[in-house]
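What follows is a single structure, written as structure tokens, with notes after it.
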Amino acid sequence: EAAKYEKKVLVLDFVKPTPLGNSWGLGGTCVNVGCIPKKLMHQAALLGQALQDARKFGWQFTEEVNHNWMTMTESVQNYIGSLNWGYRVALREKSVTYENAYGEFVGPHTVKTTNKRGVEKLYTAERFLIATGERPRYLGIPGDKEYCISSDDLFSLPYCPGKTLVVGASYVALECAGFLAGLGLDVTVMVRSILLRGFDQDIANKIGEYMKEHGVKFIREFVPIKVEQIEEGTPGILKVTAKSAKGDEIIEGEYHTVLLAIGRDSCTRNIGLDKVGVKINEKTGKIPVNDEEQTNVPYIYAVGDILQDKLELTPVAIQAGRLLVRRLYAGATNKCDYVNVPTTVFTPLEYGACGYSEEAAMEKFGEENIEVYHSHFWPLEWTVPSRDNNKCYAKIICNIQDNERVIGFHVLGPNAGEVTQGFAAAMKCGMTKEQLDNTIGIHPVCAEV
Amino acid sequence: MGWEEKQVRGYSEFVRTAQSCHGRPIFALFCGDKDAEGKSWCPDCVTAEPVVRKELHNMPDGSVFIYCLVGDRAYWKDPNNEFRKNLKLTGVPTLLKYGTPQKLVEEECFKAELVRMLFTED
């Protein structure tokens, strides 16, 4: 965007390899080890389910259909490679200089870059934008870095993970556990306390129930304390020892792969922010910014997952970045609107949401001032193959004091992301319950509910 | 050691040649056939070829540059021709690094900077 306004731009992108040596190309987390490969693998799992349903719709095939991890992974990585290349071409066409080098501040208006061969260069600039994102957190227990993998490794794993233990109950943990189980693998999820912290808990529990009923095992209220290797191999066999979060009980289990998804930490500690005086939250590593994405140092800005108290979503970071540049160089005044940003969790039963969760709405407006409308629904496509008839669910949360304005939208069912997008636009326009009721539904689709 | 060029015509010859160079970096430029005077029916190919040739020295040592004529205009326009079906080519000229998703299509091949980037990219 900045190059559009004839600014001279330098982009520094460098991936510190994972403990197991994995690295990737230009594009950041979403493209390489996040949203893109995740959605593709989720789709692979959905297609597996569709094959099961197909017979009920009349398709005849007698062979057992199996999944090949390598075929899927190669296709996914190939696609990602084309995206990496596309970004290289796009940057070059707009005359943006790109360096595959690690950047750190060494003094006012000055960064030092170090490439993978250790060659250093110095650059100065008028303004800087930090968008270094996050990396997966490790447990800090014996054997974690040597034997466990994270989402950074999963999407390019050169062998099928086999029987997997997923540690964590974040959306990353549940989405991964979900598609691994959907591909036919034996999956267990080890949860310290609740599922999907920060999301509507009523829905979080429904998601957990659905996954349990569809073969994912859950070990609740335990944390791993040790990971040992029993057998080498790709995959080998790992022994995990875990302790109860509530007492002294110890359990053990054997798995081919242990996937850690317990959170992500900002990459703000080793980039020299102290040398230029940028304040960060010492505890979390996040950078506080004003509503124009500016740090406490006027010529340094930040966007994306590293921001304090802002949503960690790719489209939010992109929008914030674009608007920032337009404000700086094109005289625009729009600021990034962080309210009513829709999201979707791609668990086996997808969950789309926009606005307040039920708990957050009750806390902010008071239980007596909100009204919740909800309904279970049975997608037409699920009737013939006799799939669950009481799992899909939709609810909206309305503010009684404000004309019953819809302040929370939640849908649990197939294609939740597609369904949610349109309702998010309506919520941005201030849709009320009455307007929603007056909108005639499309039939037969899930969204009409 | 430098690099070497191989000139081929048609899909089967291309595949045979690429397979025989397995293990070495392979770059391929696909152009429309040339007439008796050496001029291609594809005007973009005529523009791109000299640009690409000027950057060939940037290819890594041991590379193979395959210059491939795809066929006449009618063959190329057929949506089921082997280049479209098997190599997923969408236009000529196309310059690609064989076995990777890295490629430049049509006007992208006119830009020396992009061609250089393709040849030197890690």
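Placed from the backbone N, Cα and C atoms, the Cβ positions cover glycine too.
For reference, TrEMBL has these:
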DISULFID  A:C30-A:C35  disulfide bond
BINDING   A:G168, A:A169, A:S170, A:Y171, A:V172, A:A173, A:L174, A:E175, A:G263, A:D305  NAD(+) binding site
DOMAIN    A:341-448  domain 'Pyridine nucleotide-disulphide oxidoreductase dimerisation'
ACT_SITE  A:H443  active site, proton acceptor
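Taking the features listed in TrEMBL, we show where each one sits on the structure.
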residue	record	Cβ contacts under 8 Å, 6 or more apart
A:C30	disulfide bond	A:I36, A:T314
A:C35	disulfide bond	A:T314
A:G168	NAD(+) binding site	A:V189, A:M190, A:V191, A:L260, A:A261, A:I262, A:G263
A:S170	NAD(+) binding site	A:L196, A:R197, A:A261, A:I262, A:G263
A:V172	NAD(+) binding site	A:S151, A:A261
A:L174	NAD(+) binding site	A:V189, A:L195, A:L196, A:I207, A:G208, A:M211, A:V345, A:T347
A:H443	active site, proton acceptor	none
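DSSP places the residues of the domain 'Pyridine nucleotide-disulphide oxidoreductase dimerisation' (A:341-448) in helix, strand and coil in these numbers: 40 helix, 33 strand, 35 coil.
For the domain 'Pyridine nucleotide-disulphide oxidoreductase dimerisation' (A:341-448), the model gives a mean pLDDT of 87. Residues A:G168, A:A169, A:S170, A:Y171, A:V172, A:A173, A:L174, A:E175, A:G263, A:D305, recorded as binding NAD(+), reach a greatest CA to CA spacing of 20 Å.
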